[in-house]
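Everything on this sheet refers to the single structure shown next.
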């Protein structure tokens, strides 16, 4: 994921955010003006001899200037040379060689002159040179003979090229020469060996020169080294030897400098260039190089070390970098140093470059030409290309060194002046014209522009104007009288108004007014400030396997008044959205990722004013395809070359190749890893073992995984030989107290070297030096019986096959079996360190009582009882081990305030010895563990109940509990309150300060030692902050104790009683109503109350209760009663049994329309909440 800097959006007219802040005022091209050079070639112009020559010179002026050239300070007549032409409306020279000619004939110094009737402007003196890449002279190089350890310099001496070629060293087979602090290339191109080693003879050395313009590489005949040595074998293991040189018999030497020679030298560098200091030293061992500056530190911001610290480069040199530098070469034999005196000179550089002078008639002005350099440059003035001394006299002009002063200037003073400042290191040439005009102010840009800018940007409003005399320019905002300058505004000399950071209040109408003695002109612009476009959730780099789905997010925030466009680039090119891709407002989804989808994806969020970019890289990985076409070549007794063709890496580079082999004698069909090679090779020489019938295959590996194995190669059998090694991991250990088992790791197929592999096993007592016992074994173990207890034996195991025996084996010391130790540690002393740890000290046992290898001293301890009489404890035995032959140790993690017992034993390989005398000790009181089952309950909004149980481990006599609590509401936290309780108190009720805040409680138990671990809980969130499920979980257990619930249940019971009484009265007082045989028989059509199911009693004095009508099945229909149970129901029908008992929940049957309109709504009373939880 990366946010890219968006490309700047350039607006027309007034807004140019990235323009130069130069104060130069240009003369409109419709006014008369002298020539101005606008484009020219570089001073040192090197050209490719294969191309046409182009020398650029372009200029502007009114009238349009004409051009001519000088070559080597003489007029260059273009018309006389058919190869040379000048471009139309330009002074650029084109020299065409398509019809023949030699480019070298045109080398020289060229200068361009642009002229009109008001003056002449000059280009720099352009030195034209043709690039050269001469051939290397043919030479026969004799072998270089050098003693191992001696220094050596291989000189390159490349042919002089233009520009100088790039030098690098390679072998004749075009493999780069490995360079390090011992072997490295100097800045002059030579190859330096601080000391020559035998391995340097393994390759030859050829200097190569790469020429820039021709893009050719020329190779010098290679050097061949012949190294004379006292150790003729190039043992690669000695390369990493800690004392490599003495191991090879090379004498060690103190350092000496190979370049530069001697103890001191000097170097000159020009200001602004890079200073390169170099010190290359010889010596054995290879010296280290360190750099210092006399009287100060190296400039850390400009200095860097190169070429393994042999070179010091200081970039952009200035005068303060002059002085004495020295390099120190050191090794363990000594050190030397070389001092380099650095002098910084300077070609001329501008202090005050002359600028065009625009004056009105009668005005005064001056041209200033100030430059510095080392040595101090001289200044020469010219006018229209001629020395000022030879120009016609002008009474209005006065020359004062580096300044020309003009007084009471007139029209006739118009000209182009040249200032040439030079020293021995270079020159500077500047043109500046004097133009005399009488012009009232004029605006050069369109009027009344609407400019929209982005918030917080640095913005510049340009107001191009012109006039002579030069007008003064002022800015105003929204018609206010105060001039804009200072604070967030800055007005430049050319009249541009810079707003350093745009704010919303900067929106408005800006007016620029230009005024001189001839009049004034003004222009306006309306500035609108828009919010920036920002990608606030950028796509992230992803690695995906082939076939998966990838989503790249890109969420954007922008100004709503601007049209937003979100587009995607892939590898910086517009992305084609195919059927496997889905582009949404804030994401790009790629389905079934394939290899071609890998690349960089850039989200471009743009409006017409700005844009924001965010880039992410998608890596599509797949396992590589299997290698193919295995081939065996270069067949030898102990080696073969295996070559293969790599398979497709599936967009994840192959990092390694694993070569496996299978042999058909010991483990046919089983493949073993042979060797591993870098992913850059496809051919390797494999070292083989004798008497193996090999078959090979290759597996490719990348970051995703391994390929399928290649098809096997053809088989290749090597001839047999005696073993060259013996079995490894030979051991002698007793499995019983009177034997010794000799074991070893058997040799595999690649080390057997022949048929019938067996092992000759030899052993004898170490102390007695008796004759060797031996036996031939075909397996991998042999047991020697009837041995004394734990005595050392010398053991040898030698391999043998039908071709002969292996090398003489080494001797391994083994031991016969161990018996249990006979003695226990004595004088065991116990010191209590703290409530959970003790220190042990004991006397060691005699070695002859160990009867084996002493593994450790071991303490067995158990908790006998707690000092708290009522506390049950586990008496499980525990142990602490003290490996080796030690006399003291620490037992930790004990329980405080307890009685313990302890015994010690000696342990060898067989087991424990006898136990020591039992020791008793008591641990002191400690801090308790945390209280158990800490519960925080909130029965209502006024109180909070806290309950807890005693700690599981009091670790002493409890003295009380400490409760700390603090109120919090969001990020606001109140003052902490501390409560202390007696040891028997396990409940606390707290009155809430307000119903909104929550509380954080921390409870700990105390003993006389101090407070123990605290347990922390928080009060439940208020109902408006917690989800219903969470609220129920916290309060479910307490709902029956809450006051509102008890009151509600009483009201329900009273209502039930009233209803039962009403039903009893109605059933006992003979009402007039039709009798149905079954409850579900429908009413007849003649029933006048059929619609609502109600009935009239015959007794007029006994009507139903006011406010309700009762149906046969006991349903109550609400009319106007405020006491109706509808407030507590959920829309179902309540029912009664025949005896009047209540079935179901209380409810009211509503009209059909009302029921349908509210069937999804639920009552909000507490009763509904209770039944919904039931």
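Glycine too: its Cβ is placed from the backbone N, Cα and C atoms.
Unlike curated entries, TrEMBL annotations are predicted automatically.
Bear in mind that the values here come from a model prediction, so they are computed numbers and not experimental data.
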Among ranges 653-680, 681-708, 709-736, 737-764, whichever one TrEMBL labels region 'Disordered': 709-736
Candidate ranges 1010-1029, 1030-1049, 1050-1069 [criterion: TrEMBL lists as region 'Disordered']: 1010-1029
Helix, strand and coil totals (DSSP H, G, I; E, B; other) for the domain 'Ig-like' (35-131): 7 helix, 52 strand, 38 coil
Stretch among 137-218, 626-721, 723-819, 824-926 sharing the most Cβ pairs under 8 Å with the domain 'Ig-like' (35-131): 137-218
Stretch-averaged pLDDT - the domain 'Ig-like' (137-218): 90
